[in-house]
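Take a look at the structure set out below.
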Ligand code: URA
């Protein structure tokens with residue numbers, strides 16, 4: 001498993017505004033999309049391309065095109081949905097599947113409550129979107145699920161991670177073809193498994209609190 005923290009002043013600036021408790025939901029949504037586009041630029045460095053021949057108005061030449069089937073993007077519902085637009089802006093031909101996962105706030109175990117994905121992901125390059133890598137439980141289950149369907153390599157784009165969650169994934173996914181792309185590795189988890197300093201509940205900040 002590889003971990004890449006994107007070191008760029010605009011990423012740091014946008015993340016700072018996201019962290020600010022005074023930032024409203026509409027601004028939070030917009031900034032999340034912008035931030036994901038910047039992270040996706042780094043996360044797609046290994047996206048599979050092939051040589052294609054084209055004609056410019058002047059001559060024939062060769063360039064590159066995305067290999068088919070194009071990458072599969074999988075936002076983890078609910079908060080990952082806020083990252084989808086930022087990702088598809090960069091890779092508009094990507095296919096999109098959905099995985100609904102939530103954590104049981106008492107046991108902190110991840111449960112899958114919805115799934116809309118191709119049955120066979122053999123050889124596919126998959127990009128998972130989940131803003132907060134806290135305990136790592138949700139991502140671990142999502143990654144296992146996608147590998148079980150045949151995914152070849154998985155890149156997870158997250159806004160923040162806690163060292164504890166990264167360590168869990170590192171331990172359990174060592175040797176697997178997984179890359180985690182992040183804007184920051186924060187200090188720690190608190191007693192309720194929120195990331196510190198973090199940005200609070202990403203789903204609530206994107207979409208408001210639901211009962
Ligand atoms: N999920 C969130 O939305 N925020 C955290 O800090 C941890 C998990």
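Even glycines carry a Cβ here, placed using N, Cα and C.
As given in TrEMBL:
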| type | residues | note |
| --- | --- | --- |
| DOMAIN | 5-208 | domain 'Phosphoribosyltransferase' |
| BINDING | 78, 103, 130, 131, 132, 133, 134, 135, 136, 137, 138, 201 | 5-phospho-alpha-D-ribose 1-diphosphate binding site |
| BINDING | 195, 200, 201, 202 | uracil binding site |
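Screening the binding-site residues 134, 136, 138, 195, 201 for a C-beta under 6 A from any atom of ligand 1 leaves 134, 195, 201. Each of the binding-site residues 134, 138, 200 was scored by how many other Cβ atoms lie within 10 Å of its Cβ, and the smallest score goes to 200. Per-residue confidence over the domain 'Phosphoribosyltransferase' (5-208) averages out at a pLDDT of 95. For residue 134 (5-phospho-alpha-D-ribose 1-diphosphate binding site), the nearest of the binding-site residues by C-alpha distance turns out to be 195; the candidates were 195, 200, 201, 202.
The most densely surrounded of the binding-site residues 130, 201 is 130 (count of other Cβ atoms within 10 A of its Cβ). Taking Cα separation as the measure, residue 200 (uracil binding site) is nearest to 132 of the binding-site residues 78, 130, 132, 138. Secondary structure at residue 132 (5-phospho-alpha-D-ribose 1-diphosphate binding site), taken from DSSP and collapsed to helix, strand or coil, is strand. Note on proximity: among 78, 130, 132, the binding-site residues of the record, the Cα nearest residue 195 (uracil binding site) is that of 132. Under the three-state DSSP scheme, residue 202 (uracil binding site) falls in the helix class.
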